[in-house]
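Chemist: Just dropping this structure here.
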C-alpha cells in the first residue's frame with residue numbers, strides 16, 4: 001500500500017512552520033508518502049523565484065528565514081499541480097484568498113481527499129456567519145477538520161514546546177491528522193466541536209487588536225487582562241449564538257481557546273500592529289506594509305465581517321468590544337475612546 005500523499009496549500013510564516021513538522025513526520029512514518037508538496041504563491045526574491053530558492057536551499061527566505069525545511073518538502077507554484085493526487089490537504093493561507101483557491105482546485109481533487117484548515121477567520125455568507133472550513137468543504141465537496149491553538153509560527157519552527165487543538169467530527173480523520181502533525185514539542189488534543197474550535201481561532205484576533213490598542217494607549221496589565229476576559233466572554237456568547245453544533249465551555253479551555261487568546265494578545269502580529277496604530281495614528285494598511293513583510297492582518301477584517309453579521313441580527317450592542325475594534329479600524333472612532341466602550345459592558349450590568 002502506498003502512503004498517503006500530503007499537500008500544504010500555503011507557504012507563509014505559519015504554512016512554512018507546519019511544512020517543517022509535516023515534512024519531518026511524513027519522511028519517517030510508513031503510511032505517509034515522504035514527498036510533501038507545498039503550494040507557493042510565486043514571488044521574485046532578488047531576481048530568483050521563491051520556489052527555486054525553497055527547492056534548492058530548503059528555506060523560505062521570505063516568510064520563515066533561518067529555518068531549514070526538510071528536503072522532501074517540494075515547493076510548487078501551481079496550486080492544481082501541487083494538490084494533484086493528494087489524500088490530505090492542509091489549508092494555511094490568509095482567509096481572504098481561500099475562495100479563489102477553491103475555485104482553482106474544484107474538480108481537480110481525488111474523490112476521497114480530506115482537508116484540514118489552519119486558517120483563522122470567518123466569511124460572511126447570505127445567511128450570516130460562514131466558517132472557512134465550511135466554505136472549503138462546500139466548494140470542494142471534501143470533509144474538513146480544523147487545527148487551531150496557541151501557536152506563534154516562529155516558536156513552533158524553533159521547536160519550543162506548545163499545544164494545539166484539532167477539531168474533527170470524524171474520529172478517524174482526527175487521529176490521522178494528529179499522527180501527521182504531532183511531535184514531542186507540538187502536542188495535539190482532538191475534540192469533536194469543530195465549529196467552536198474554529199470560532200475561537202477567528203475571534204481571538206479581534207480581541208488581540210483590542211489588546212494592542214490597550215498597549216498603545218499605555219494602559220497597564222490590569223486593563224489588558226480585562227480586555228482579554230471581556231473578549232473571551234464575547235467569544236463564548238458569539239459561539240453560542242452562531243454555531244450550529246454544540247458549544248461547551250470545556251472547548252474554550254483547550255489550546256484553541258484561552259491559551260491561543262492569551263498568546264495572541266501578548267505576542268501576535270494583530271496586537272503588534274494595533275499598538276503601533278494607537279501610538280502613531282498611521283493607517284492599518286500602511287502599518288501592514290511597513291511591519292509585516294507582505295503578511296496580512298486577520299483581526300480588523302474579521303471585525304468587519306462580524307460587525308456586518310451582528311448588524312444583520314440587530315445584536316451590535318451585545319458585543320461592545322468587537323464593535324469598538326470595528327469602529328476604530330473602519331469608522332474613524334478615536335482609539336482613545338476604546339476603553340470607554342468597555343465601561344458599560346453587559347458583563348458589568
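Cβ coordinates are placed from backbone N, Cα and C, and glycine is handled just like the others.
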Chemist: Pick from 153, 157: which one does Swiss-Prot list with 10, 11, 12, 13, 14, 15, 269, 296, 298 for the same NAD(+) site?
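Modeler: Site partner of 10, 11, 12, 13, 14, 15, 269, 296, 298 for NAD(+), according to Swiss-Prot: 153.
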Chemist: Name the residue, out of 120, 130, 160, 169, that Swiss-Prot lists for the same substrate site as 269, 270, please.
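Modeler: Given 269, 270 bind substrate in Swiss-Prot, the matching entry from 120, 130, 160, 169 is 120.
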Chemist: With a radius of 8 angstroms around the mean position of the C-beta atoms of 120, 269, 270, what other residues of the same chain does the substrate site pick up?
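Modeler: Other same-chain residues with Cβ inside the cutoff are 205, 208, 264, 268, 271, 297, 298, 299.
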Chemist: Using the alpha carbons only, what distance in Å do you get between residue 120 (substrate binding site) and residue 204 (active site, proton acceptor) once rounded?
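Modeler: Computed Cα spacing between residue 120 (substrate binding site) and residue 204 (active site, proton acceptor) is 9 Å.
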Chemist: Could you check the recorded positions 204, 289, 296 and say which one's CB has the most other CB atoms within 10 Å?
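Modeler: Buried the deepest by this measure is 204.
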Chemist: By CA-CA distance, flag whichever of 204, 270, 289 among the recorded positions is nearest to residue 153 (NAD(+) binding site).
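Modeler: Closest by Cα: 270.
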Chemist: Which residue among the binding-site residues 120, 269 has the fewest other Cβ atoms within 10 Å of its Cβ, if you could check?
Modeler: 269
Chemist: Rank aside, I only need the closest one: which of the recorded positions 12, 289, 296, 326 has its C-alpha nearest to that of residue 269 (substrate binding site)?
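Modeler: Closest by Cα distance to residue 269 (substrate binding site) among the recorded positions 12, 289, 296, 326: 296.
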